[in-house]
Amino acid sequence: MAEFNNVRSVSEMPEGDDAKHGFHHRMFLEPQEKKRNLKALMVKKAKETCSCTPAKVKDCIFSFFPVLQWLPKYKLKEYLLGDIMSGVIVGVLLVPQSIAYSLLAGQEPIYGLYTSFFAGIIYCIFGTSRHISVGIFGALCLMVGQVVDREVQRAGYDLKQAAVSVHTDTVMHVNTTILPVNQTSQKLVCDKTCYAIKVGATMTFTAGVYQVAMGFFQVGFVSVYLSDSLLSGFVTGASITILTSQAKYLLGLDIPRSSGVGSLITTWINIFRNIHKTNVCDLITSFLCFLVLIPAKEVNEHFKSRLKAPLPAELVVVVAATLASHLGKLRETYGSSIAGQIPTGFLPPSPPDWNLIPNVALDAIPIAIIGFAITVSLSEMFAKKYGYTVKANQEMYAIGFCNIIPAFFHCFTTSAALAKTLVKESTGCRTQISGIVASLLILIVLLVIAPLFYSLQKCVLAVITIVNLRGTLRKFKDLPKMWHLNRVDTVIWLVTMASSALISTEIGLLVGVCFSMLCVIFRTQKPEAPLLGWVAESETYESLSAYKNLQTKPGVVVFRFEAPLYYINKECFRSTLYKQTGVNPAQVMAAKKKAAKRMLREKEVGSGGNQTSISMELVSEPLEFHTIVIDCCAVQFLDTAGIRTLKEVCKDYKEIDVQVLLAQCNPSVRSSLIRGEFFKEGEDHLLFHSVHQAVDFALGAQEHNGTCASK
């Protein structure tokens, strides 16, 4: 009751007149008592957090390792066949893609296989989604590759230098390189390829630490700032950059990889400058691979409901191209660029380079956020489809450990990948056992088959990468539909896509986030604010500009402001209200004062007559309405500036004999009005629970005042 001591919640009139005018009875709402003992609350939370019972320890362990919950309940007969089938198919797709995306990340092919192997196993232990496929993702590989190239160049390695494969038995090599910074000769403990994976692993470790920290501090809300349109625009822009970076392999050109701002334009300039050096053998091979892969992908897409498993076109192309390159001696005869030696087995684990962390710490932030956002969005999408739940914070732990642990085994950044997840789901996946099966298939490749890919041309890997961009590049066809559905989201998509492609991926993401937040601010800065009309034979009021055949009550204007009222849009609220009602209290008062002064001067001069009567009419000219009802149903909150604006509006209109009533305020707005001393004792500012009640009160009050005046 305390909250409404000075406020009449619905239409009220003097008690003797209630029955006569048919007004509603008084209705008071008693607010719930809120416990504000902060000390007691903190003590309670501390006890809950610090208490240690066997049940709580068990819950904590099972929550941190979800595999302990679902593995004992695994239905062998029901799930195993689907998991094995989907695991084998995804594994077959992962082998060529892992090798191809290694080039994108600036790494040797073996490291892509390592990454895919570890990611599937670790996510199976920590992840809560049953369907997503965690592994190499093109946009993240691009971001990793840009940082790797930058750091390799800083270390003094020549980017034009041909990549040298890592030795099968040892990681460390000795290579004498002249560092341009010091202009001194210094022996490096690591060659270019070894240093590149050091950079990639260190950045992967740093991104993983960020993701685990986000999970620990439960800041998963960060992902809400990455809307679907923003993420889609970012991935499309990154896909354009990926296509550009792979174009040189299609033509067999040996040009340095551009990085930094405007790398896309720089790359195309370099390609056209060196177009005369195109390797005809690589160009023909690329064309033939496109002829096979694109129709095969289309067949898989159009007949996926009929096919028990997608056609393994990529694996067929890789095997055929490798045999053709080896038997035709394409490297020796035509100078084609090949994958080179891919060792078998695993390299000894080694920690990230701690000295590199300051160099890559900033670059790891967008990688961590993008990886987490894509993983969580895909997890929630498939969880909703199949009727189970995923935990966003646990997903952060899962994807974080998928980066931290593999960083010690020469791997680079991973996240969920949509294309492989769709394949996994469509081929019968039931649990993450399918991820283990895919990892085992990659293990067989690592232990036995990897060296057989020695003669595989890099242009084939580039074709595989580009063909897998088809889904994201097709978003351009959806632009008219997006524009029709929501123009603001379409503009966000275009801005993010263009900035990610033309400037850089990291800056493009930042531009997209800032632009989307500005769009939200602009939407609340200039919201819709229509006048409302009455729907006949109901208690409903709707927008006069949106619907026909609405009625208005004489002398009452109903106004709705469809946004929070705060410091950004307070002036918009005031000016829109004045414009919609057609009455600016300040101008009315100024006109009255001006007319009164003119009348006074005319009296003093002694020239009364007609001009004086006109001035008197101007002073006493009545307005078309006596009440403004503000519908606050869309006002989520008020700040100090908003409360002050409401006070000023009510005060200004009261000076010209127009009362302002508020209707449909939510509890938060009511509480803000009470705390802001909006309701002064003796003033008739009233709160109403519906617009209909407020209008009825205004009409009844005017009728009552007219009756009293006639008496």
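Using N, Cα and C of the backbone, Cβ positions are placed for all residues, glycine too.
These numbers come from a predicted model, not from an experiment.
Record features (TrEMBL):
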{"type": "DOMAIN", "residues": "546-698", "note": "domain 'STAS'"}
{"type": "REGION", "residues": "1-21", "note": "region 'Disordered'"}
{"type": "TRANSMEM", "residues": "79-104", "note": "transmembrane segment"}
{"type": "TRANSMEM", "residues": "110-126", "note": "transmembrane segment"}
{"type": "TRANSMEM", "residues": "356-376", "note": "transmembrane segment"}
{"type": "TRANSMEM", "residues": "397-419", "note": "transmembrane segment"}
{"type": "TRANSMEM", "residues": "439-469", "note": "transmembrane segment"}
{"type": "TRANSMEM", "residues": "490-518", "note": "transmembrane segment"}
Problem set entry | Proximity verdict for the transmembrane segment (356-376) and the transmembrane segment (110-126), three or more C-beta pairs under 8 Å | no
Seminar exercise, completed: Within the same chain, the residues 6 or more beyond the ends of the transmembrane segment (110-126) and with Cβ under 8 Å of it are 64-67, 94-95, 97-102, 132-136, 165-166, 197, 200, 342-343, 346, 394, 397-399, 401-402, 405-406, 409-412, 414, 432-433, 435-436, 438-439, 442-443, 445-446, 450
Problem set entry | Best-contacting stretch, by C-beta pairs under 8 Å, relative to the transmembrane segment (439-469) and drawn from 79-104, 397-419, 490-518 | 79-104
For this session: Please indicate, using numbers and ranges, the residues of the same chain that are 6 or more beyond the transmembrane segment (79-104) and have a C-beta under 8 Å from a C-beta there.
Result: 110-113, 115-116, 133, 135-136, 138, 141-142, 145, 242, 245-246, 249, 309-310, 312, 314-315, 317-318, 339, 342, 420, 423-425, 427-431, 433-442, 445, 453, 456, 458, 461-462, 464-465, 468
